[in-house]
Amino acid sequence: MAMEITDANIAGLMAEGKPMILDFWATWCGPCQMVGPMIDEIAEEFNGKIIVGKVNVDENSDLPSQYGIRNIPTILFFKGGEMVSKLVGAQSKAKLQEEAQKLLD
């Protein structure tokens, strides 16, 4: 299961230096509801290797603004504290797995 990422806890998680995937979503967003379960599955598959989290854009305004999130779902991939990839819109699980694996290569 992906963890809840907030404006308050992101700094500590980034400081860990682990690869990270952030899913920006909202409860009212249909495509977000399709991607959400796949993000949870990715979190299970890469447990301990990649931090996988979800950012509710309605409850956290700083993070979407900081990363220029204009559409949801948007999924950001981080390696070494730097954003290395960005996917906008509904994605296939295979594409999410491919991008996640790149963080470990």
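Yeah, the Cβs are placed from backbone N, Cα and C, and that goes for glycine too.
As annotated by TrEMBL, active site, nucleophile applies to CYS29, CYS32. The disulfide bond annotation in TrEMBL covers CYS29-CYS32. According to TrEMBL, the feature domain 'Thioredoxin' maps to 1-105. Here TrEMBL flags ASP23 as site 'Deprotonates C-terminal active site Cys'. The annotation site 'Contributes to redox potential value' is assigned in TrEMBL to GLY30, PRO31.
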(request) For ASP23 (site 'Deprotonates C-terminal active site Cys') and CYS32 (active site, nucleophile), determine the Cα separation and express it in whole Å. (result) 9
(request) Rank the active-site residues CYS29, CYS32 by the number of other Cβ atoms within 10 Å of each Cβ and report the first-ranked residue. (result) CYS32
(request) Summarise the model confidence on the domain 'Thioredoxin' (1-105) as a single mean pLDDT, whole number. (result) 95
(message) Test of understanding: give the count of other CB atoms lying within 10 angstroms of the CB of ASP23 (site 'Deprotonates C-terminal active site Cys').
(response) 27
(message) Give me the DSSP three-state residue breakdown of the domain 'Thioredoxin' (1-105), ordered helix, strand, coil.
(response) 39 helix, 27 strand, 39 coil
(message) Return the residues near GLY30 (site 'Contributes to redox potential value') by Cβ distance under 8 Å, restricted to its own chain and a separation of at least 6 in sequence.
(response) none
(message) Same chain only, sequence gap of 6 or more: which residues have a CB within under 8 Å of the CB of PRO31 (site 'Contributes to redox potential value')?
(response) ILE72, PRO73, GLY89, ALA90
